[in-house]
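For 27-34, 74-78, 133-136, the entry in Swiss-Prot reads GTP binding site, with the evidence type similarity to another entry.
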Amino acid sequence: MEAENEAHCCPGSSSGGSREYKVVMLGAGGVGKSAVTMQFISHQFPDYHDPTIEDAYKTQVRIDNEPAYLDILDTAGQAEFTAMREQYMRGGEGFIICYSVTDRQSFQEAAKFKELIFQVRHTYEIPLVLVGNKIDLEQFRQVSTEEGMTLARDYNCAFFETSAALRFGIDDAFQGLVREIRRKESMLSLVERKLKRKDSLWKKIKASLKKKRENMI
C-alpha cells in the first residue's frame, strides 16, 4: 500500500521499463486541478496558475510496491467538446474529475465531464476517481462529503476529498486511480484468457467432429 515519488517532473520516456499511465485531470476552472497536480509531482503549492492553460507533467512513483510512470495532462476548465479535447479523452487511460467543495456549480459541472468521456469512449467503464478539493476552506463549504460520496456511487468510482494547500489526500487520489486502472486491466486480461480457453475448446470440439465424420466415410 505504498506510494513514493522516485523523481519529480521527469521529462522524456519512462525509465526502467515502468508501466506508463496516461492520466487526465478534468474539472471546472478554479477548482485546483493544477495545484493538486503540482503537489503530487513536486510537493509545491503554486502561488498562481492561469486556469486557461493546459499543461503536461510526468513523474515516476511506486504504488503497492510496483513502479508507475504517470503522464498527467492538466486541462483547462471548460466543459466543452473540441478536437483537442477529443484527442486526450480518447488517449487517456484514467481520469480525475475535480470539483471544489466551496463551489456548488463546479460540483454540478462534474457530471458534464463524465458525459464528455462517454461521448468519446462510448462506455462508462473507464477508470475514474472523483475529487472534492479545497477542504481546508471548511468555512466556505457548499458541497457536503455525503454529496460527493453519493455522486461517486452513481459514477461507480472512488471518492477522495483533498486539500492542495495542505497537501492532504493528494497521493491517495492518484494512487486510487492507478489501482483502478490496474484492476480493470486485470479484469480485462481475465476475460480475454477465458475467451481464449473457450475458443480453444470450441476448436477442439470441431476438430473432433471433423475426425469422426472422416472415420465414418
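Counting begins at 1 with the first residue displayed.
Cβ atoms here come from the backbone N, Cα and C positions, even for glycine.
Of all the binding-site residues listed here (GLY27, GLY30), it is GLY30 whose C-beta has the fewest other C-beta atoms within 10 angstroms. Counting every protein chain shown, the Cβ of LYS33 (GTP binding site) has 28 other Cβ atoms within 10 Å.
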